[in-house]
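Peer 1: TrEMBL lists Trp71, Tyr78, Arg79, Tyr80, Asp137, Arg163 with the feature substrate binding site. Per TrEMBL, domain 'Fe2OG dioxygenase' is recorded for 115-215. Taken from TrEMBL, the feature 2-oxoglutarate binding site covers Asn122, Arg123, Tyr124, Arg206, Ile207, Asn208, Leu209, Thr210, Phe211, Arg212. Per TrEMBL, Fe cation binding site is recorded for His133, Asp135, His189.
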Amino acid sequence: MTFDLFGDEPRTWREELAPGAVVLRGFALPHVDALLAALGDVTAVAPFRQMITPGGYRMSVTMSGCGRYGWVSDHSGYRYDPLDPTSSQPWPAMPESFHLLARDAAAEAGFPGYEPDACLINRYVPGARLSLHQDKDERDQVAPIVSVSLGLPAMFLFGGLHRNDPTVRIPLAHGDVVVWGGPSRLRYHGVLPLKEGCHPLLGAERINLTFRKVR
Ligand code: MD3
Ligand code: FE
């Protein structure tokens with residue numbers, strides 16, 4: 001007699017959100033330990049910090065990054081910068097575990113040969129949010145963006161090509177990977193304020209890795 005009734009349920013499955021946008025549920029789960037170890041190495045060199053928007057607001061999400069470029073926001077605007085303004089040093093190299101996961105996920109979603117040159121790391125604590133925006137600072141707008149969710153779950157907002165288009169809500173959980181390419185690449189998106197909670201591995205936070213090809 002076995003009580004493991006659901007032992008054959010796959011831990012990972014695919015959901016097509018829109019043309020070019022695919023959620024790979026649980027895709028990062030086998031890699032979480034390696035990702036968290038590498039994340040600790042990266043943030044020891046490039047600690048999480050609050051960026052200031054060009055409008056003078058302090059973002060609730062704290063950010064770090066690795067790879068050849070990091071995303072920087074300050075009073076003068078947004079840019080991808082090869083130097084971390086906190087240290088005036090290059091951003092830490094992209095860990096191999098990050099790069100391999102991004103490549104695998106992109107290939108799985110139909111974008112073989114993905115070579116991201118930047119990984120932005122967003123950290124959310126309860127209440128932190130990301131308002132609706134487009135990612136259009138990358139010179140290469142054909143390569144997909146790959147995002148990896150770790151820790152507390154979040155409600156993601158996925159809109160259209162215009163700010164006022166209707167949005168759909170997509171729950172993103174620990175281990176989910178989303179590949180945003182093709183016609184979805186320039187759609188507005190955001191993250192609702194993170195709910196209180198305690199994740200067994202990460203505690204009261206959510207980490208999102210977003211891989212991009214900037215140049
Ligand atoms: C859909 N980050 O860093 S990742 C960002 O969860 C950002 O931290 C969110 O939006 C986060 O810019 C969402 C998912 C994401 C990233 C880029 C997209 C979704 C996207 C580009 C186009 C459409
Ligand atoms: Fe974004």
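Positions of Cβ are set from backbone N, Cα and C atoms, glycine also.
Not measured: the values here are computed from a predicted model.
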Peer 1: Which of the binding-site residues Tyr78, Tyr80, His133, Asp137, Ile207 have a Cβ less than 6 Å from any atom of ligand 1?
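Peer 2: The qualifying binding-site residues: none of them.
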Peer 1: Select, from Tyr78, Asp135, Arg163, each of the binding-site residues with a Cβ positioned under 6 A from at least one atom of ligand 2; if none does, say none.
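Peer 2: Only Asp135 qualify.
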Peer 1: In whole Å, how far is Tyr124 (2-oxoglutarate binding site) from Asp135 (Fe cation binding site) when you measure between their Cα atoms?
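Peer 2: With the alpha carbons as reference points, the distance is 19 Å.
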Peer 1: Take the C-alpha atoms of Leu209 (2-oxoglutarate binding site) and Arg79 (substrate binding site) and report the distance between them in angstrom, rounded.
Peer 2: 18
Peer 1: Looking only at Cβ atoms, how many others are within 10 Å of the one on Asn122 (2-oxoglutarate binding site)?
Peer 2: 22
Peer 1: If one looks at the chain holding Arg79 (substrate binding site), which residues at least 6 apart in sequence have a CB under 8 angstroms from its CB?
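Peer 2: Trp71, Val72, Asp137 - these are the non-local Cβ neighbours of Arg79 (substrate binding site), listed in sequence order.
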